[in-house]
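Asks: I grabbed these lines from Swiss-Prot:
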SIGNAL    1-24  signal peptide
CARBOHYD  Asn42  N-linked glycosylation site
CARBOHYD  Asn65  N-linked glycosylation site
DOMAIN    190-478  domain 'Protein kinase'
ACT_SITE  Asp321  active site, proton acceptor
Amino acid sequence: MSASWLTLAVLCATLGAGPGHGEAETRECIYYNANWELEKTNQSGVERCEGEKDKRLHCYASWRNNSGSIELVKKGCWLDDFNCYDRQECVATEENPQVFFCCCEGNYCNEKFTHLPEVTGPEVIYEPPPPTPSLLNILVYSLLPIAVLSVAILLAFWMYRHRKPPYGHVDINEDPGPPPPSPLVGLKPLQLLEIKARGRFGCVWKAQLMNDYVAVKIFPIQDKQSWQSEREIFNTPGMKHENLLQFIAAEKRGTNLETELWLITAFHDKGSLTDYLKGNIISWNELCHVAETMARGLSYLHEDVPWCKGEGHKPAIAHRDFKSKNVLLKNDLTAVLADFGLAVRFEPGKPPGDTHGQVGTRRYMAPEVLEGAINFQRDAFLRIDMYAMGLVLWELVSRCRAVDGPVDEYMLPFEEEIGQHPSLEDLQEVVVHKKMRPVFKDHWLKHPGLAQLCVTIEECWDHDAEARLSAGCVEERIAQIRKSVNGTTSDCLVSIVTSVTNVDLPPKESSI
């Protein structure tokens, strides 16, 4: 009986030192940012920490060790992180990382930081004292480790079930899906910084993953189908291409009603082509570079590759929401295609999946989509993308300063004709019944390159879907036009035109 009471007392004493024991209140942290000029922030100072009421706050520091020279990267406040609990000193324990990271609790605890890797040494054997141990000592030495271990396991299990881990994966049993391509993402500090865009299915954040910026597209749980569709497209063999958005990971965060679905991709600071054209006028060479790399990306997406770089068969994929908002720009203005939430794959012997007719952005819908007269075959969907490409090429031309003449403010296709928020009926009237297209300005046609590009645009948005050019042909055309205008002749060029209305156009090429 006395042994049972002793065990109970030990357990109670251990439980009394629960998770709140040793917690230090964190209100302010030392702040430092090595990239302060680029990010337009303060370089150093004190940061006041703010967070949710029931969450703990910490300080952190990150630095590099370049051959013994310490290079401080960042300091500041850190969100609720189990790895930082009850740490009064900022100590990094990883053996030899690229970037050292530590976190702690308590005001200004990150003022000093150190690296102390875990060392596994020989086991220390406790030698009992020479006198014969009493029954009490035997019970304490036997039961105390068991009690501590049991409480630690229970505590860890309770915290796993009742808190939303800030940097870990959360699994949903009914749809485990394929494993994420980058399992280390959940082990690295990922911090959301600012919202960059809001779209049909959620918002896009700029985030920091260690020293790199990434984009995090967050879907609410009710848009799970769109998240799954885009994840499946990204996981298709052969989707790694310089003109397709780089995929990093797909994750599920939170539990129950707080569940969020994340897609983590490369971040491009220049944003979308729409945003760039709103604020910038482009040169002839810049126009050619954006247009050629954009066509190259769509051509590769449309291509069926039997054996792609050892990854397997890459099927033809139709984008189905091609527009300037879904074309991102790298720092050198190389185009990158993004947003594959509505994309559909065409695999031999398999149905293409969800192929509802009227999907995408109304303004960029082809005539056959607006009419609801779609042939649900692969070629028909690829030609729909090509109509939209014609509109995006027109947007590029409208902001080019290649010739003398005014460069108008940026406008969306058909904005001049039917405004910024056209209805489906407005577009049916203009595009289908009147067969109108965005207008070419007279002074554009005085430039030999722009004049040829206008011919190519007309062949992209042709009312007859079967007469539209393929993306691969557009890529070749633009390369030839650029060489011609820049002084390199080519026998394969389409004829230079001086007017779109009174010229014999070259034979129109099918999109296949």
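Note that Cβ sites are derived from N, Cα and C of the backbone, with glycine treated the same way.
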Asks: Would you mind ranking the glycosylation sites Asn42, Asn65 by how many other Cβ atoms sit within 10 Å of each Cβ and giving me the lowest?
Replies: Asn42
Asks: Please report how many Å separate the Cα atom of Asn65 (N-linked glycosylation site) from that of the residue listed as 'active site, proton acceptor', as a whole number.
Replies: 46
Asks: Return only the integer: C-alpha distance in Å from Asn42 (N-linked glycosylation site) to Asp321 (active site, proton acceptor).
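Replies: Taking the Cα atoms only, Asn42 (N-linked glycosylation site) lies 40 Å from Asp321 (active site, proton acceptor).
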Asks: Which of the three DSSP states, helix, strand or coil, fits Asn65 (N-linked glycosylation site)?
Replies: strand
Asks: Under a three-state reading of DSSP, tell me whether Asp321 (active site, proton acceptor) is helix, strand or coil.
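Replies: Reduced to three states, the DSSP call for Asp321 (active site, proton acceptor) is coil.
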